[in-house]
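Asks: Submitted below is the structure of interest, expressed as structure tokens.
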Amino acid sequence: MAEAHQAVAFQFTITPEGIDLQLSYQALNQIYLSGVRSWKKRVSRMKNRVIKGVYPASPSSWLFVAIAILATMYMQSDPSMGLISKIQQHLPLRYTCGAQGQTMLSALVFSTLLWLSLILTLRLCLKLLLSYHRWMFELHGKVSNTTKVWVSLLRLFSRRKPLLYSYQTSLPHLPVPAIKDTLSRYLESVRPLLTDQELKRMTDLANDFESTLGNRLQRYLKLKALWATNYVSDWWEEYIYLRGRGPIMVNSNYYGMDFLYVTPTTVQAARAGNTITALLLYRRKVNKEELTCDLMDIPLCAAQCERMFNTTRTPGAETDVLQHWLDSDFVVVYHRGRYFRLWVYRGGRLLSPRELEHQIQSILDDPSPPFPGEEKLGALTAGDRCPWAQMRKQFFSSGVNRRSLDAIERAAFFVTLDDEEQGMKGDDPAGNLDRYAKSLLHGKCYDRWFDKSFSIVIYKNGKNGLNAEHSWADAPTVAHLWEYTLATDAFHLGYTQDGHCKGEVERSLPPPQRLAWDIPPEAQVCRSLAVAQALAADVDCHVFPFREFGKGRIKKCRVSPDAFIQISLQLAHYRDRGGFCLTYEASMTRLFREGRTETVRSCSSESCTFVKALEGRETRWVKCLAQGHNSRILFMWVKKPGEPGCEMKLMVTFVSSQVADDGYGVSYIIVGEDMINFHVSSKYSCSETDSRRFGVQLRKALQDIMALLSGDPKGSSKGSAQVQPK
């Protein structure tokens with residue numbers, strides 16, 4: 001109760017002598033400072049809105065245009081060719097202003113219209129420049145003159161430092177491919193998987209579809225493309241993610257790992273303090289639009305950054321809904337079955353890492369038990385969506401449950417203080433790494449809030465990790481966030497010699513607030529937990545770092561690292577299962593406005609020919625390694641099944657589970673020049689798959705192809721890699 005009294009700005013009592021009013025100046029000061037912080041953010045948003053609204057011009061350029069027009073008129077010349085006079089005739093204030101004032105006002109109106117016209121022209125030119133994509137298909141070291149001119153013009157237009165969303169209105173729209181091209185590519189992708197008779201039947205079906213229903217659907221798509229910013233992204237979000245009624249844990253959510261070989265501190269509260277601080281510093285950069293969203297100085301769509309923080313996915317009977325709030329002053333922390341609201345601002349300032357460590361430690365030291373039904377409440381977000389929607393409507397629509405659920409959903413993000421120790425250190429590093437992956441992917445199935453845009457996990461030994469919900473953004477966006485967080489935590493914020501956060505602690509900080517619950521005895525939490533546990537138990541994860549070589553050696557063979565890895569996956573699968581399968585590799589479409597991902601079918605006729613030739617020792621086919629695969633790629637940043645993040649220099653991994661129940665999900669991330677991290681997932685319930693076995697085959701496939709390309713047959717492991725078809 002003492003903390004509650006401290007938080008009250010004023011209180012009064014009615015006595016026989018009258019009203020006794022007592023003011024808390026400290027509380028009033030905190031309210032004032034919080035208001036100042038809120039208004040500063042509003043002003044900053046308004047300023048950024050103006051700056052990006054006139055990009056690639058600047059607000060100050062209006063003054064230049066106005067002065068130029070006025071100077072020209074002063075020299076007895078009319079640059080408007082009579083338009084200023086016509087504007088003057090229609091001014092509503094022409095009878096109240098003098099002739100000179102009317103002329104001045106008309107010139108300013110004309111200057112503004114001219115300035116806006118120049119902005120629109122510049123923006124159109126920039127959009128045309130960004131629609132050029134031939135640069136990505138040119139050979140390394142052989143850049144055409146057209147691309148050189150394009151690069152020069154793009155740099156000229158982008159010489160002003162852009163804000164995060166400055167390029168949004170200039171990005172081209174995703175074009176609708178011709179139906180003939182779509183069907184042609186489809187038939188090409190299934191060709192290696194079908195017999196001649198099956199291919200003929202599929203071709204007939206495709207031709208029939210094109211001449212009947214296909215053309216009508218194509219017209220609908222073109223009509224939508226005229227009106228919508230992106231003709232596919234809203235449907236992708238709605239039908240691929242939000243309308244799914246199964247568990248999002250494992251099936252949709254993905255995770256990111258900590259550094260593999262180092263841990264900045266073993267103090268759990270300290271690691272939590274720095275991690276939370278780094279994430280909030282990133283949020284500040286997003287709010288101020290100080291980040292850049294580009295690839296090799298080529299702008300990418302930044303729309304996915306908008307819902308990174310203060311966002312949650314709420315369940316519905318037929319479809320879920322993404323809810324986003326502009327700001328949040330707190331995070332929610334889960335520890336030993338209890339939920340706490342942790343305020344991260346005090347008097348308008350962000351708490352220091354040391355203060356956050358102090359607050360986290362108070363949660364770790366809190367001996368209070370969970371409320372009835374509180375400990376495993378998070379299982380509702382891990383199970384099927386419809387039961388969770390019914391429970392939410394029935395028991396979380398009012399009262400204390402509504403207030404506590406609001407706190408979780410409105411929080412900047414979710415934090416779990418895990419009692420386990422994780423990481424790859426110890427007597428069994430390979431097994432520990434697999435267990436670490438499973439812990440981040442699903443935990444205990446109730447100690448994460450899977451609906452939040454992302455949740456961070458801080459383990460007892462100082463290791464951390466991240467679990468992200470998939471509908472609001474793809475892995476590269478979260479990967480950039482996580483890379484910044486790890487780098488800021490370890491190299492910018494740092495720790496003291498005894499492993500604690502740096503800084504001082506304001507001892508008057510109010511302690512974290514326990515969230516209260518009134519959960520009736522209800523079997524649905526147990527049923528959701530049973531569904532989630534069965535799903536988690538079926539996940540077969542195997543994570544391994546491949547250190548024999550990396551992209552540096554691959555590039556020396558004049559081969560794309562992505563093509564090299566993809567062809568290795570095809571070879572490994574052929575040896576593991578004795579055949580080929582339809583392969584889904586995700587490619588990024590963020591060169592277009594509101595773009596997300598598209599599919600690359602990396603199992604092609606060329607890749608199958610190469611694999612069969614390699615198994616038959618026909619080395620003359622080696623030249624087809626990169627050609628067939630690279631011609632199918634717009635640009636690769638994410639690799640899926642199982643989604644990693646962008647290519648990072650930090651030893652972190654982003655992955656999710658596999659797409660098909662009877663297949664493999666393989667995530668990989670290229671770490672520097674000499675290392676590739678792989679995550680292989682499958683299901684124990686499928687008797688034909690084994691993640692560790694596939695990992696062994698993949699390692700051998702990488703070595704065999706490298707030995708072939710480098711002309712070193714002694715380095716080949718082919719003899720031991722052979723698996724007979726089943």
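Placed from the backbone N, Cα and C atoms, the Cβ positions cover glycine too.
Owing to the predicted nature of the structure, the values given are computational and were not obtained by experimental measurement.
Pulled these features from TrEMBL for this protein:
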- H470: active site, proton acceptor (ACT_SITE)
- 1-47: domain 'Carnitine O-palmitoyltransferase N-terminal' (DOMAIN)
- 174-616: domain 'Choline/carnitine acyltransferase' (DOMAIN)
- 650-699: domain 'Choline/carnitine acyltransferase' (DOMAIN)
- 54-75: transmembrane segment (TRANSMEM)
Asks: Any idea what the model's mean pLDDT is for the domain 'Carnitine O-palmitoyltransferase N-terminal' (1-47)?
Replies: 63
Asks: What is the Cβ neighbour count of the residue listed as 'active site, proton acceptor' at a 10 Å cut-off, with all protein chains included?
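Replies: Cβ-Cβ neighbours of the residue listed as 'active site, proton acceptor' within 10 Å number 21.
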Asks: Run through the domain 'Choline/carnitine acyltransferase' (650-699) and tell me, per DSSP, how many residues are helix, strand and coil.
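Replies: In the domain 'Choline/carnitine acyltransferase' (650-699), the DSSP-based counts are 9 helix, 18 strand, 23 coil.
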